[in-house]
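Novice: Residues annotated as disulfide bond in TrEMBL: Cys40-Cys43. Among the features that TrEMBL reports, topological domain 'Cytoplasmic' is placed at 1-13, 66-71, 166-175. Annotation comment: TrEMBL describes 31-48 as topological domain 'Periplasmic'. What TrEMBL records for 12-32, 44-62, 74-93, 144-164 is transmembrane segment.
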Amino acid sequence: MKLNPFSWSFRVQYLFGAICVAALLGYAFFAQFQLGKDPCPLCILQRVAFFVMGVFFLLGALHGPRGGGRKVYAILVTLGGIVGGLIAGRHVWLTTLPADEVPACGPGLGFMLDAFPLSKTLQLVLTGSGECAKVDWTFLGLNMPAWCLVWFVGLSLFALIAAWRKPPRPYGTLR
């Protein structure tokens, strides 16, 4: 097998995407349960978006469609990536706010889901809270929401390229 992921078949590319998402979610749970980094409500929504991407990557890998079916899976993966990227972008913005402009800490996601309807809960979560502005983990100068944003964009582009690329022609064949 070649090491260039863009020379792999659609199924292998989408399986690779699903494995990447599983690794990202695995690290998120490791950071939560082993490193003691409790996720804020925006982090939890980003996990949901990664999960959606992973499901459609895995379904695309198992189904292995041709033509238009590939594009449908790519659009579904990318929709998850866009929603997750918007949430991560909001989260990154909250982490860059000066201390005096950070919103007050709100209740936890579990309480909000119990006390409010889903639409109100999403509205409260997306407006952010003080706990979402706290930065307690960085890698290569980027915090976790920034890395999530990078991965949302990268995986979305990967899904789109895999679906819209032309299959390689065997060497020596003419059009």
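In case you wondered, yes, glycine gets a Cβ from its N, Cα and C as well.
Keep in mind it's a predicted model, so treat the numbers as computed, not measured.
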Novice: Mean pLDDT, the topological domain 'Cytoplasmic' (66-71)?
Specialist: 82
Novice: Other than its close neighbours in sequence, what residues sit by the transmembrane segment (44-62), given a CB gap under 8 Å and a spacing of at least six beyond its ends?
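Specialist: Same-chain residues near the transmembrane segment (44-62) but 6 or more away: 10-12, 14-15, 17-18, 21-22, 24-25, 28, 70, 73-74, 76-77, 79-81, 83-84, 87-88, 91, 109, 125-126, 145, 148, 151-152, 155-156, 159.
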Novice: Across all the protein chains here, work out how many other Cβ atoms are within 10 Å of the Cβ of Cys40 (disulfide bond).
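Specialist: There are 24 such Cβ atoms around Cys40 (disulfide bond).
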Novice: Taking DSSP states H, G and I as helix and E and B as strand, how many residues of the topological domain 'Periplasmic' (31-48) are helix, strand and coil?
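Specialist: Tallied per class, the topological domain 'Periplasmic' (31-48) gives 11 helix, 0 strand, 7 coil.
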Novice: Could you pull out which residues elsewhere in the chain have a CB under 8 Å from any CB of the topological domain 'Cytoplasmic' (66-71), counting only those six or more residues past its ends?
Specialist: 10, 60, 162-164
